[in-house]
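Quick notes on the structure that follows.
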Amino acid sequence: MKFSKLSITLAVILTQAVFVLCGMKNEDFMEKGLESNELHDAIKKPVNSGKPDTERLLDCVLSRVCSSDANCCGLTPTCKMGLCVPKVGGLLGGLLGGIL
């Protein structure tokens, strides 16, 4: 496989740019420690409900039984006949709504 001088030069320049960006991130981490890490900030945020986010998300995805739209999560926001179902408009939504 033959590579042109231009493609090799561009590959070297892009590789160096990636190394520079990684080095800048590493410097920031070494200076500020975990306090500069976004994940650390997200972990320290208070949770408004009694359940942690992962538990709420798992309950939302795994539990399809509902009594009202408030029991359904964002992926399946509509409660029909005791089950959380996606809200789909148009012809497909009409067919799915008729079946359920």
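Each position is counted from 1, following the chain as shown.
Any Cβ shown, glycine's included, is placed from N, Cα and C.
Here Swiss-Prot flags Cys60-Cys73 (among others) as disulfide bond.
Residues or ranges marked as disulfide bond by Swiss-Prot: Cys66-Cys79 (among others). In the three-state DSSP reading, Cys66 (disulfide bond) counts as coil. Of all Cβ atoms in the protein chains displayed, 19 besides its own lie within 10 Å of the Cβ of Cys66 (disulfide bond).
If you look up Swiss-Prot, you'll see Cys72-Cys84 (among others) marked as disulfide bond. In the three-state DSSP classification, Cys72 (disulfide bond) falls within coil.
Annotation source Swiss-Prot lists signal peptide at 1-23, citing sequence analysis. Here the signal peptide (1-23) has no Cβ contact under 8 Å with any residue of the same chain six or more residues outside its ends.
Counted over every protein chain shown, other Cβ atoms within 10 Å are most numerous around Cys72 among the disulfide-bonded residues Cys72, Cys73, Cys79, Cys84. Cys84 (disulfide bond) and Cys66 (disulfide bond) have their C-alpha atoms 6 Å apart, to the nearest angstrom.
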